[in-house]
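Asks: Feature table excerpt (TrEMBL):
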type	residues	note
TRANSMEM	34-52	transmembrane segment
TRANSMEM	64-84	transmembrane segment
TRANSMEM	90-111	transmembrane segment
Amino acid sequence: MYFLLAFLVGVLVLLSIIINSKLANCMGMYSSMIITYFISIIILLVSMIFFNKNIVVDFSIDNFYIYLGGALGIIVLFLSNNIVGKIPAVNMTIFIIVGQLITAFIIELIMYNNFEIKKVLGNLIILYGIKKLPRK
């Protein structure tokens, strides 16, 4: 079940990137980012009402970096809006996935001391395949 949900996340991420890029082309970069996050807040509030969830905000957590997810989201939105249309969608998607794979590998290595040679080889094979992609 979780594999299916992860697949759905992948589909939604790519659709989100493409739709947000189209919005940025129509309204401008910063206006589109404000609209995107404003709509996100509205959807979040409506879903909280629908599922009867309360807001609990605790800023006493010592690890400040855990609050940076939204900032990273803004950076992702900004960068992806600038990339779409400049390289083919398939290539963009491959580079996004490779970036995620390498980051996941590094996180597992640092946080869990989990080193697997098959993951290194898999990433190298993917990188080799990317090098063989036709350039625009």
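Glycine residues also receive a Cβ, built from the backbone N, Cα and C atoms like all the rest.
A description of the local structural setting of each listed feature is requested, covering burial, neighbours and distances.
Replies: Residues 13-14, 17, 83-84, 119-120, 122-123, 126-127, 130, 133 of the same chain lie 6 or more positions beyond the ends of the transmembrane segment (90-111) yet place their CB under 8 Å from a CB of it.
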Asks: If we skip the immediate neighbours and take only residues 6+ beyond the ends of the transmembrane segment (34-52), which ones have a Cβ under 8 Å from one of its Cβ atoms?
Replies: 20, 23, 27, 74, 77
Asks: Would you kindly list the residues that approach the transmembrane segment (64-84) from elsewhere in its chain, counting only those six or more residues past its ends and only Cβ-Cβ distances under 8 Å?
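Replies: 17-18, 20-21, 24, 29, 32-33, 36-37, 92.
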